[in-house]
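> Straight out of Swiss-Prot:
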- 149: active site, proton donor/acceptor (ACT_SITE)
- 409: active site, nucleophile (ACT_SITE)
- 116, 150, 275, 276, 292, 374: substrate binding site (BINDING)
- 293, 324: Ca(2+) binding site (BINDING)
- 56: N-linked glycosylation site (CARBOHYD)
- 64: N-linked glycosylation site (CARBOHYD)
- 144: N-linked glycosylation site (CARBOHYD)
- 284: N-linked glycosylation site (CARBOHYD)
- 13-35: region 'Involved in apical transport and lipid raft association' (REGION)
- 89-466: region 'Head of neuraminidase' (REGION)
- 1-8: topological domain 'Intravirion' (TOPO_DOM)
- 32-466: topological domain 'Virion surface' (TOPO_DOM)
- 9-31: transmembrane segment (TRANSMEM)
């Protein structure tokens with residue numbers, strides 16, 4: 001009798017051969033979208049050659065001596081991502097702390113990288129924790145200069161969310177002292193900016209390929225948002241700005257598809273200074289961004305970008321809860337919504353994320369607890385309304401970082417569950433050792449989950465004197 005493996009081949013692979021086609025039918029159900037076409041790609045699988053040199057050759061006359069056959073499968077391509085309704089919940093809770101320098105005694109490949117400007121971006125299957133490193137680790141001998149924003153050594157790196165950004169764990173994507181990244185459902189788009197202040201360059205990487213560039217237009221520190229860009233239907237939108245840190249800096253948006261710039265968008269409205277925007281989808285039609293004005297006001301410039309018309313407008317947030325740092329007392333700025341008020345010089349990137357519900361929308365924001373220093377971080381929310389015209393105070397929703405702990409940049413992102421999106425806010429907690437020692441950051445993460453009240457704040461647990 002033939003061996004069982006040869007019996008199987010006898011049944012399915014005759015001398016004429018059989019083409020096996022597997023048709024996969026899939027339905028991607030988005031709560032905000034329908035009629036999404038599922039495309040297919042052809043995959044060929046070749047079975048290994050099996051020699052049939054048996055003792056009794058008469059037993060195998062019906063079987064070809066070579067059993068190599070090609071089987072063609074029609075497999076679904078990954079689909080473009082679209083915003084969906086948020087997962088259920090009414091409060092944020094402490095989700096995760098990434099505090100690399102708690103492991104600062106490790107050396108070699110296990111040493112934590114010295115980083116700043118962390119942010120998180122998510123694809124359908126994973127989230128990545130990004131940051132800008134100084135190409136140095138702690139402990140190490142290259143601490144000098146790690147407090148500077150821009151130099152020739154800085155790189156955009158990432159690890160899988162939940163991993164510690166060590167030398168060994170980190171992927172180095174490109175040289176960059178400003179960065180962003182996003183996933184379109186099929187592939188990652190990475191953004192890095194570096195070069196001299198007077199002629200910086202945006203570089204785009206799609207998957208593993210470097211695909212496009214964009215040159216400085218004001219010759220004054222071209223830079224991007226330091227948080228995730230936003231993709232819908234294969235189009236990804238990136239905020240950039242170029243101009244003085246204490247004067248005019250007009251932003252633009254780049255529309256990017258598969259790693260290549262296909263359109264520039266020039267916002268209208270209150271455009272004097274807009275930088276470091278944190279952006280997300282209010283709906284399948286509109287991207288909204290809460291940004292930083294480092295020159296004129298402690299109010300946040302608020303962008304509405306229509307992805308159907310590729311137009312954008314900027315106005316100041318009207319709320320009496322001022323979100324920048326430094327800032328005046330809440331409610332102290334008089335006049336119309338576009339009034340700048342005082343204490344507008346200087347600023348900080350702010351956290352912002354949407355909670356999309358069937359009957360309403362929630363907008364969640366973060367700001368430092370201190371009005372003058374980068375200390376502490378508190379969460380606020382406002383349901384429905386228009387940030388351009390609503391002057392009401394935002395509702396405080398809990399302390400994420402106490403006044404005793406550093407609260408620097410913050411950002412928003414969304415984790416993709418099976419049928420909904422989970423809104424989250426991340427907080428950069430900087431270990432500021434001054435110019436003489438290392439200068440790096442931990443990341444605290446809070447996400448929408450369950451009900452009740454936000455229960456506990458985050459500490460880094462790092463003592464720089466150790």
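Yeah, the Cβs are placed from backbone N, Cα and C, and that goes for glycine too.
Give me the lay of the land around each of these features.
DSSP gives residue 149 (active site, proton donor/acceptor) a coil state; it is part of no helix or strand. Under 8 Å, Cβ to Cβ, and six or more positions away along its own chain, residue 149 (active site, proton donor/acceptor) finds 177.
Taken residue by residue with DSSP, residue 409 (active site, nucleophile) is part of neither helix nor strand, so it is coil. Neighbour density for residue 409 (active site, nucleophile): within 10 A of its CB lie 26 other CB atoms from the protein chains shown.
All protein chains considered, the CB of residue 116 (substrate binding site) has 23 other CB atoms within 10 Å.
Cβ neighbour count for residue 324 (Ca(2+) binding site): 26 (other Cβ atoms within 10 Å of its Cβ, all protein chains included).
Note: residue 144 (N-linked glycosylation site) has non-local neighbours 435, i.e. same-chain residues 6+ apart with C-beta under 8 A of its own C-beta. Residue 144 (N-linked glycosylation site) falls outside any helix or strand according to DSSP and counts as coil.
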> On the three-state reduction of DSSP, what should I expect for residue 293 (Ca(2+) binding site)?
coil
> For residue 150 (substrate binding site) and residue 324 (Ca(2+) binding site), what Cα-Cα distance in Å is obtained after rounding to a whole number?
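Roughly 23 Å, rounded to the nearest whole number.
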> Going by DSSP, is residue 276 (substrate binding site) part of a helix, a strand, or coil?
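Note: residue 276 (substrate binding site) is in a strand by DSSP.
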> Count the other Cβ atoms sitting within 10 Å of the Cβ of residue 150 (substrate binding site), across every protein chain shown.
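Result for residue 150 (substrate binding site): 17 neighbouring Cβ atoms inside 10 Å.
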> On the Cα atoms of 116, 150, 275, 276, 292, 374, which are listed as binding substrate, what is the maximum pairwise distance in Å?
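Farthest-apart Cα atoms in 116, 150, 275, 276, 292, 374 are separated by 20 Å.
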